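**Student:** Sending over a structure as structure tokens; questions will come in a sec.
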Amino acid sequence: MCTAITYQSYNNYFGRNFDYEISYNEMVTITPRKYPLVFRKVENLDHHYAIIGITADVESYPLYYDAMNEKGLCIAGLNFAGYADYKKYDADKVNITPFELIPWLLGQFSSVREVKKNIQKLNLVNINFSEQLPLSPLHWLVADKQESIVIESVKEGLKIYDNPVGVLTNNPNFDYQLFNLNNYRALSNSTPQNSFSEKVDLDSYSRGMGGLGLPGDLSSMSRFVRAAFTKLNSLSMQTESGSVSQFFHILGSVEQQKGLCEVTDGKYEYTIYSSCCDMDKGVYYYRTYDNSQINSVSLNHEHLDTTELISYPLRSEAQYYAVN
């Protein structure tokens, strides 16, 4: 389970909550322009856009969960169990394995428009990363400074949806999630008028009553509605620090605390990390479950014309500022 959003404020932002019950020693990884991106069924990319994002610590390969390239194009993969359907190899199509999709797109495209133009023949082929790491059932939110789309590979084939709300969670299909927002059109960020009946004098006894009916549970459909409502009504200071802070507050409205979502006996899903990409400045911000301090890694502070991956383990231990 996860939630990803876009946000326009002082700059343009993209990020996600990564919710799971197991950590794979996540780290911020920069893939420089000359690091060879090797693919199973298509030509390798020996020179490409630089990429920054969160990866799993496996076999010195940039196995990205979410990432941004130097042009500001961003992608996040989110769980889509029971719906994702990967295909057999098709010689007439562009065969990319799901774990290759993020580096393949970010390595060569600079905008959502370019992505849409070049994935019409995309075939997400069913090839595992390794015997120990089978494919995860995913769908993807892709965004730039102007627009966002959702990519889903389902039984009926490849689906590409324009995403007018800039939000993605998990099941069911994105088009159904978007339609479901119609059920919440009466929600408001202001105090509602009494439309129950003119014959009954009803009191607005509390602030926030315009949000009555806003889902508060952790299911994917509820998180989609809550994240969309929070994001689309959110205000932030027109500064970098104010915008980034507000971005994490938006994600905080749908974060998961340990103990609330039992997956198996004694194992609970929780928000392992939250991220925020500044598309304009190339900065990757994050915080973790135990460390609420916002940390940052800048793509442009590194030498990007090299051939080796650059990695920074997540700062997961709590950080405190002693006032006295």
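Backbone N, Cα and C atoms are what each Cβ position is placed from, and that goes for glycine too.
Pulled the feature table from Swiss-Prot, pasting it below:
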type	residues	note
BINDING	Cys2, Arg16	deoxycholate binding site
ACT_SITE	Cys2	active site, nucleophile
BINDING	Asn79	taurine binding site
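Show me how these features fit into the structure around them.
**Tutor:** Following the DSSP three-state reduction, the secondary structure of Arg16 (deoxycholate binding site) is strand. There are 26 other Cβ atoms within 10 Å of the Cβ belonging to Arg16 (deoxycholate binding site).
Spatially close to Cys2 (deoxycholate binding site) yet at least six residues away along the chain are Arg16, Asn17, Phe18, Asp19, Tyr20, Ala76, Leu78, Asn79, Thr169, Asn170, judged by Cβ distances under 8 angstroms. Cys2 (deoxycholate binding site) carries a strand DSSP state (E or B).
Neighbours of Asn79 (taurine binding site), defined as other CB atoms within 10 A of its CB across all chains, total 20.
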